[in-house]
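Report on one structure; see the data block that follows.
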Amino acid sequence: MAATALSMSILRAPPPCFSSPLRLRVAVAKPLAAPMRRQLLRAQATYNVKLITPEGEVELQVPDDVYILDFAEEEGIDLPFSCRAGSCSSCAGKVVSGSVDQSDQSFLNDNQVADGWVLTCAAYPTSDVVIETHKEDDLL
């Protein structure tokens, strides 16, 4: 009965105004919820990324907004890394086919990128891609 009385009193209450604590909570909550809805509605591409490692080949479905190294680690794949910022060559690999966006890296020069070198810590897939990993010694 108390629950019914409480809900009935809420229904009979006058419409909330901006000075009402309830209205204030609603006004604050709406802007926080809106970005989450937009994020959930964002279309996201995923690409087949094949990593050719010394231990064998691994295929992953990597989202287009996640670094290849980060996703591989989440899946339990051990890849070399050091800086995680694209400013060294520890995670260097060689693109066999496909393409990546590695505009966040600062170590490789234009010729090395054109030759297919990739830093997996700063590379997003932009198509299905095959990458030979553990190639730092070949790069240097």
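Placement of Cβ uses the backbone N, Cα and C atoms for every residue, glycine included.
Quick look at what Swiss-Prot lists:
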- CYS83, CYS88, CYS91, CYS121: [2Fe-2S] cluster binding site (BINDING)
- 47-137: domain '2Fe-2S ferredoxin-type' (DOMAIN)
- 1-44: transit peptide (TRANSIT)
Set of same-chain residues at least 6 away whose C-beta sits under 8 angstroms from CYS83 ([2Fe-2S] cluster binding site): SER90, CYS121
Binding-site residues: CYS88, CYS91, CYS121 - member with fewest neighbouring CB atoms within 10 Å: CYS88
Environment of CYS83, CYS88, CYS91, CYS121, the listed [2Fe-2S] cluster site - residues of the same chain whose CB lies within 8 A of the CB centroid: LEU69, PHE81, SER82, ARG84, ALA85, GLY86, SER87, SER89, SER90, PHE107, LEU119, ALA122
